[in-house]
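Inspection log for the structure reproduced underneath, given as structure tokens.
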Amino acid sequence: MSSGERVAKVVLVDIEGTTTSISFVHDVLFPYAKQNVEKFLRDFWKEDDIKHIVQDLQQVPKFADYKALLSAPPTEVDIELIAGFVRYLIDQDLKVTPMKTLQGLIWAQGYANGELKGHVYEDVPAAFEAWRAAGLRIAVYSSGSVAAQKLIFGHSLAGNLQPHLSAYFDTHVGHKQEQQSYENIAKQLKEDPKQILFLTDIPGEAAAACSAGLQAIILQRPGNAALADDQKASFELIPDFKPLHNLKLPINKSQA
């Protein structure tokens, strides 16, 4: 089925490499979190939500691995240790939920003080408007926390895009290359999986979504990873959202 013939009730979008450039995430957001994590922890170390995040970080299996790398590991958990561990996780690009939550809080400050603006490709706002005008719902599924997702779209270069979005999902619903995650999303959306179109740049995510019964299309944005021939043959590929501007709801046979 070509993009021009597709119908759906929900468009589920990934962020990095799909609505937003990979370079923004890796060259702007990640460095900002690394540069500001220690100061943020010093400012809010005694806050209950930060204490919970610190406790959760200590339960991450990689925490023991990180401490083993230190020449003189501290005998107690302190700000420097946690900040260093967060920087380590960012450098390893590990999708750890408490780290993602902490990143979201750090970014919130950056967006609030105007130091950050969320990048979205220029075709994204027009597509959101077209889909909403056609009666479709738009949801987001990203490894970044829901809070971070809302910041990108709420403080984007194109203005506040949150009014277009009806639901947000992060790794609390499951990891993005697992079939169960997409089954969980369909249940939470109260929607038949085959009526959900997932847009991503990662073949493994597209495959997991299809295994759960969703439709999936892969974005080939500038800077996205190259695809193998078998991956190109397995999925529909589009360069941007423009081929999907005419996406429509399925025909209700009772009204036809």
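Along the chain as shown, residues are numbered 1 onward.
Each residue, glycine too, has its Cβ placed from N, Cα and C.
The Mg(2+) binding site annotation in Swiss-Prot covers D14, E16, D201. Under DSSP, D14 (Mg(2+) binding site) is assigned to coil, being neither helix nor strand in the three-state scheme. Using a 10 Å Cβ-Cβ cutoff, D14 (Mg(2+) binding site) registers 23 neighbours.
According to Swiss-Prot, the substrate binding site annotation covers S142, S143, K176. S142 (substrate binding site) has a Cβ environment of 25 other Cβ atoms inside 10 Å.
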Remaining residues near the recorded Mg(2+) site, that is with C-beta within 8 Å of the centroid of the site residues D14, E16, D201: I15, G17, T18, T19, T20, I22, S142, T200, I202, E205, L219, N224
Whole-number Å value for how far S143 (substrate binding site) lies from D201 (Mg(2+) binding site) (Cα to Cα): 13
Same chain, 6+ residues apart, C-beta under 8 Å of the C-beta of S143 (substrate binding site), given in sequence order: E16, K95, K100, D170, T171, H175, K176
